[in-house]
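Sequence annotations record features per position, and here TrEMBL assigns domain 'Formyl transferase N-terminal' to 2-182. Summarising the annotation, TrEMBL assigns N(1)-(5-phospho-beta-D-ribosyl)glycinamide binding site to Gly12, Ser13, Asn14. The annotation (6R)-10-formyltetrahydrofolate binding site is assigned in TrEMBL to Lys65, Met90, Arg91, Leu92, Ile93, Asn107. The active site, proton donor annotation in TrEMBL covers His109. Marked as site 'Raises pKa of active site His' by TrEMBL: Asp145.
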Amino acid sequence: MKRLAIFASGNGSNAQAMIEASRQEKWEEQVVLVVCDQPSAYVIERARSLHVPVLAISPILFSTKQEYETCILQTLHSLQVDALILAGYMRLIGPTILHSYEGKIVNVHPSLLPYYPGLQAIERAFEAGEEELGISIHLVDEGMDTGPILQQVSVPRTEGMTLVEMQKAIQAVEHEWYPKTVRSWLDDQKNRGGTKHEKASVN
Ligand code: GAR
């Protein structure tokens with residue numbers, strides 16, 4: 001897998017961390033597109049300043065989710081994108097994209113799944129008085145923040161910690177661990193490809 005697209009809806013700090021890590025560490029894989037469903041999101045500005053092409057496309061312009069995703073898919077296919085990285089994309093991936101990228105979509109979520117899937121995960125865990133919060137990085141299936149877990153990292157709540165401090169701590173962990181986990185997932189994919197190739201040449 002050589003060509004990656006990042007999907008995001010908002011601030012885009014994880015998108016930026018991923019693009020920067022891929023460049024600093026000279027990944028063979030390249031982020032060739034940022035897809036954003038909110039035309040005024042800050043992630044668009046971040047992507048442009050990093051010189052990554054953006055597809056900013058609002059679903060309200062389409063009458064069905066299938067039409068919306070078909071339109072995105074055309075761009076993904078024309079750019080020969082191999083895998084998708086969701087980084088704060090606040091929308092369920094529907095069957096149209098899922099079938100085309102089965103097993104090739106990764107997501108980061110700010111909770112220790114299966115606890116607190118969905119929106120406002122940090123706020124809900126914090127208000128419930130959890131002493132250990134954290135992040136999960138997982139493959140995407142049709143559910144909301146479900147799918148096989150690739151990595152979880154816990155973030156302890158220290159005495160007197162405020163919600164804002166906890167949000168910052170969790171984001172810092174995401175910025176470190178999301179690129180690292182995607183990197184090792186990409187390596188696993190490569191190794192699997194290698195194994196298959198070796199078997200094919202032996203037979
Ligand atoms: C991140 O904390 C990410 O884990 C979360 O949205 C935030 C996006 O921040 N994703 C979800 O909640 C997905 N269910 P960013 O735009 O600064 O990267």
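Each Cβ is built from the backbone N, Cα and C atoms, and glycine gets one as well.
Annotations in TrEMBL come from automatic prediction, not curation.
On the structure: features taken from TrEMBL.
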| residue | record | CB count, 10 Å |
| --- | --- | --- |
| Gly12 | N(1)-(5-phospho-beta-D-ribosyl)glycinamide binding site | 24 |
| Ser13 | N(1)-(5-phospho-beta-D-ribosyl)glycinamide binding site | 18 |
| Asn14 | N(1)-(5-phospho-beta-D-ribosyl)glycinamide binding site | 23 |
| Lys65 | (6R)-10-formyltetrahydrofolate binding site | 16 |
| Met90 | (6R)-10-formyltetrahydrofolate binding site | 14 |
| Arg91 | (6R)-10-formyltetrahydrofolate binding site | 14 |
| Leu92 | (6R)-10-formyltetrahydrofolate binding site | 12 |
| Asn107 | (6R)-10-formyltetrahydrofolate binding site | 25 |
| His109 | active site, proton donor | 24 |
| Asp145 | site 'Raises pKa of active site His' | 21 |
* For (6R)-10-formyltetrahydrofolate, with binders Lys65, Met90, Arg91, Leu92, Ile93, Asn107, what's the maximum Cα separation in whole Å? -> 20
* Residues within 8 Å of the Gly12, Ser13, Asn14 Cβ centre (excluding the N(1)-(5-phospho-beta-D-ribosyl)glycinamide site residues themselves) -> Ala8, Gly10, Asn11, Ala15, Gln16, Ala17, Val43, Arg46, Ala87, Gly88, His175
* Gly12 (N(1)-(5-phospho-beta-D-ribosyl)glycinamide binding site) in three-state DSSP notation -> coil
* Which of these recorded positions is closest to Leu92 ((6R)-10-formyltetrahydrofolate binding site) if you go by CA atoms: Ser13, Asn14, His109, Asp145? -> Asp145
* Just the recorded positions from Gly12, Ser13, Arg91, His109, Asp145 whose C-beta lies under 6 Å from any atom of ligand 1, please, or none if there are none. => Gly12, Ser13, His109, Asp145
* For Ile93 ((6R)-10-formyltetrahydrofolate binding site), the one of Gly12, Ser13, Asn14, His109, Asp145 that lies nearest, given that the recorded positions are compared by Cα -> Asp145
